[in-house]
Amino acid sequence: MSADSNGGGNVSVPLRILLNSIQCVRDRVRDGESNESDGAFNLSNFWDTLNQAVKAVSQEATKLSLAFSKPPLPSQQDTEKLADSILKSVLTLSTVYYWLPKSVSGITLRRQVRDATVEVLEGVAQLVEVILSSPLQSLTQEQLTSTGGVWSACDQFAQLPQDNKAAVLVVLSDQIGVVKDAIEEIEQALSNAHDPFSDVLDDDQGGEEPRENQDTYWSEKDRSVIAPCQGLMKASAACIRKLSAAVKANGNFSTPENVAQLDDLADISKEISPGVDDLALCLYPPMDYSGVQNNVSKLAALLKKVLEIIRSSHVCGESQLTWVQFLDGAVDHNLQKAKDLIEQDS
């Protein structure tokens, strides 16, 4: 017996109204803009209020789950009260989120708070859906999982960065990991003597005879072209790593201009890992030299742009200028070397 099939008062009606309301709130949070504050905005007060609102949603979701965990089913009137209570907590959470003005807090921080808020709202919506469709006789595993999902989403707020500088450092840390993985994959493939696909394709080999398809092997020229491409990929990793250290040391969010610069640095850095991935993918045999040259040029141009944005931002002091200039030269050197090797004997 589910909430939908209860004969003693139709409890599914308030639950379905609640579900629809939560989904509407979630969609507005996902797509809407925050309010711009005319007066002073206190970030510390915002976090205190937001955390209280998140805690209230968690408590209300728990109450709802417990009410539908075993017979007897709540009456329609009690269900309406529960639904009203949970909707109030959801509306409060979304309202507090809207207090966060992007001009003061920063777009990067706001995105992370928005994503966490949406995750909570999606978790509550899923819980209501499960209650509507689950048998009443016992607390189902699906309902337990959904309730735990709401708790987990609410718990994430304790780990959120508290300001835009910290939010940008989270983005940079993620990017370092992705670029590092791409570099290590190419190094691993190169270390497999002659065949970069050996670990993927060996299982398909029926006997001990080597494959005859030379399209799965690198030529000597291929390997020589890969070297400056690796240099460019390593310059990408160094750029993000050094930028992260510069933000940590000099990042400032006390003025709208500095907040906007931090956002620009986060946004442009997120373009580096796809550029590195595109270059890494086109290095596998059979190597298309025009594709390699195209991706090398694109990544080099992007890195030059990143370095220029760093150079003109408040995070770049005298000590940062040294590595910005060094990496700028490294990008030029590896780009030219790759082009020369590709054009050799062509």
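Cβ atoms are placed via backbone N, Cα and C, with glycine included.
Marked as domain 'Cyclin-D1-binding protein 1-like N-terminal' by TrEMBL: 50-191.
Per TrEMBL, the feature region 'Disordered' maps to 194-217.
Summarising the annotation, TrEMBL assigns domain 'Cyclin-D1-binding protein 1-like C-terminal' to 201-308. For the domain 'Cyclin-D1-binding protein 1-like C-terminal' (201-308), DSSP puts the residue distribution at 83 helix, 0 strand, 25 coil.
Among the features that TrEMBL reports, compositional bias 'Basic and acidic residues' is placed at 208-217.
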What are the DSSP helix, strand and coil residue counts for the domain 'Cyclin-D1-binding protein 1-like N-terminal' (50-191)? 119 helix, 0 strand, 23 coil
Need one number: mean pLDDT over the domain 'Cyclin-D1-binding protein 1-like N-terminal' (50-191). 93
